[in-house]
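As given in Swiss-Prot:
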- 2-107: domain 'Thioredoxin' (DOMAIN)
- Asp28: site 'Deprotonates C-terminal active site Cys' (SITE)
- Cys34: active site, nucleophile (ACT_SITE)
- Cys34-Cys37: disulfide bond (DISULFID)
- Gly35: site 'Contributes to redox potential value' (SITE)
- Pro36: site 'Contributes to redox potential value' (SITE)
- Cys37: active site, nucleophile (ACT_SITE)
Amino acid sequence: MSVEAVVKQVDGDALEAAIKGDKLLVCDFFATWCGPCKSLAPKLDAMAKENEKVIFVKLDVDECQDVAEKYRVTAMPTLIVFKNGCEIGHVVGANEAGIRELIQANA
């Protein structure tokens, strides 16, 4: 049985629009060829289901290199958390505990 993904893939324009909102936003900067990114994806889907007041999105760094450079993403996965239009934290690597901690501290 497959689980439907709940983390929506966005482009740079959609990410910028989402960042301007007042909800906590978690963006997963990923690559399709990245093994740790693939293993983290179902965990992020689960977190999205658990935290309905938090917006989860993902951005393919190969398709949106300019956006990845803007946010200084040099390793995948990198998750950046935004609130009220500002970057408030990031986690580099498939560190599920670190991501959960950052969400709980800011939700």
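In case you wondered, yes, glycine gets a Cβ from its N, Cα and C as well.
Broken down with DSSP, the domain 'Thioredoxin' (2-107) shows 41 helix, 27 strand, 38 coil. Among the recorded positions Cys34, Cys37, the residue whose Cβ has the fewest other Cβ atoms within 10 Å is Cys34. Mean pLDDT for the domain 'Thioredoxin' (2-107) in this predicted model: 94.
Inclusion criterion for the recorded positions Cys34, Gly35, Pro36: a C-alpha placed within 10 angstroms of the C-alpha of Asp28 (site 'Deprotonates C-terminal active site Cys'); this criterion is met by none of them.
By a simple count of nearby Cβ atoms, those within 10 Å, the most crowded of the recorded sites Gly35, Pro36 is Pro36.
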